[in-house]
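Engineer: This is the structure I have questions about; it appears just below.
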Amino acid sequence: MEVVEQPFMEAVKEPGVTFLLAKFDGILGLGFREIAVGDATPVWYNMVDQGLVSQPIFSFWLNRKAEEENGGELIFGGMDPSHYVEPHTYVPITRKGYWQFDMGDFLIDGESTGFCAKGCAAIADSGTSLMAGPTGIITAINQAIGATGVMNQQCKAMVTQYGDSMIEMLMQKMSPYKICSQIGMCLQRFSEEARIASVVDRKSHNVGDAGCSVCEMAVVWAENQLLNNQSAEWIKSYLNNMCEHLPNPNGESVVDCNSLSAMPDVTFTIGGKHFSLTPEQYILKVGEGKEAQCVSGFMGLDVPAGPLWILGDVFMGVYHTVFDFGKERVGFAKAA
């Protein structure tokens with residue numbers, strides 16, 4: 001396949017240790033034209049416009065069997081039936097840019113975490129190694145798999161001081177953000193748009209944006225337990241336990257390699273169907289023998305317009321992924 005007149009963008013500076021240590025020659029962007037840098041035409045658009053693909057779709061199969069030589073396959077214009085188990089579950093693209101769609105509830109060991117019960121946005125992205133999600137959910141995962149974090153003291157202090165007030169306001173049907181504004185953990189705003197617009201302002205004035213996020217997470221955790229008819233004392237004890245497992249600010253959390261058999265399955269709801277991952281699938285083992293380290297495949301990510309999930313290679317390694325450009329949808333099926 002030869003794509004003619006394809007523009008390239010040169011990156012002259014890339015911050016971060018990833019670009020310093022990783023050995024690759026460039027980035028092949030497969031997102032929509034709407035996020036192309038410098039209004040450059042993405043190579044995929046040229047493939048379609050120049051009639052180089054039989055169908056306006058591309059698909060990813062990522063081989064998770066380390067002992068095999070073939071690490072995976074990206075097919076432009078189709079998919080290999082030997083790499084998946086039918087059927088694919090398709091969901092429509094909700095926002096052009098990245099391949100963004102709506103997903104439903106997220107479950108740990110079959111139980112709802114409460115954060116995406118009313119829906120979350122999600123992105124399928126082969127350029128993200130792990131799975132990134134709202135910090136509140138990642139904390140619940142960390143609690144279930146025994147990973148620890150570094151933000152627990154601030155969280156515990158807040159529960160001690162404001163736990164009763166938070167529960168009382170929840171019983172009055174107040175929203176998490178309004179509760180956290182009332183107790184002084186978040187700046188009071190009159191609309192969600194104003195709140196999003198205030199993120200840069202808060203950072204530039206060193207206002208405790210992280211404390212606001214922690215507070216909102218704690219309120220959602222408490223709300224979920226109230227729905228289960230738990231007592232106030234039980235909820236405060238539960239919140240303190242959750243505080244122990246807030247993820248590290250840089251995202252990654254380390255777990256005990258000997259505890260995988262005791263860890264729960266986790267489940268994403270996409271297109272009304274459940275897509276589960278076992279501990280062996282969402283825990284990454286680095287190294288061998290006594291030097292081996294097990295890293296959680298989840299990292300915390302909070303965005304102003306969230307909650308948002310990024311389903312990266314950890315997820316795509318388990319589920320064959322089809323990007324249907326013609327019908328503006330993305331599909332998932334069990335990888336073979």
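We number each residue from 1, going along the chain as drawn.
Each residue, glycine too, has its Cβ placed from N, Cα and C.
Small disclaimer: the values here were computed from a predicted structure and weren't measured.
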Engineer: Considering the candidates Cys243, Cys257, which is the cysteine that TrEMBL reports in a disulfide bond with Cys294?
Structural biologist: Cys257
Engineer: May I ask which residues of the same chain, at least 6 positions away in sequence, place their Cβ under 8 angstroms from the Cβ of Cys294 (disulfide bond)?
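Structural biologist: Counting only residues 6 or more apart in sequence, the Cβ neighbours of Cys294 (disulfide bond) under 8 Å are Val254, Val255, Asp256, Cys257, Leu260, Ile283, Leu284, Lys285, Val286.
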Engineer: With every protein chain in view, how many other Cβ atoms are within 10 Å of the Cβ of Cys257 (disulfide bond)?
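Structural biologist: For Cys257 (disulfide bond), the 10 Å Cβ neighbour count is 14.
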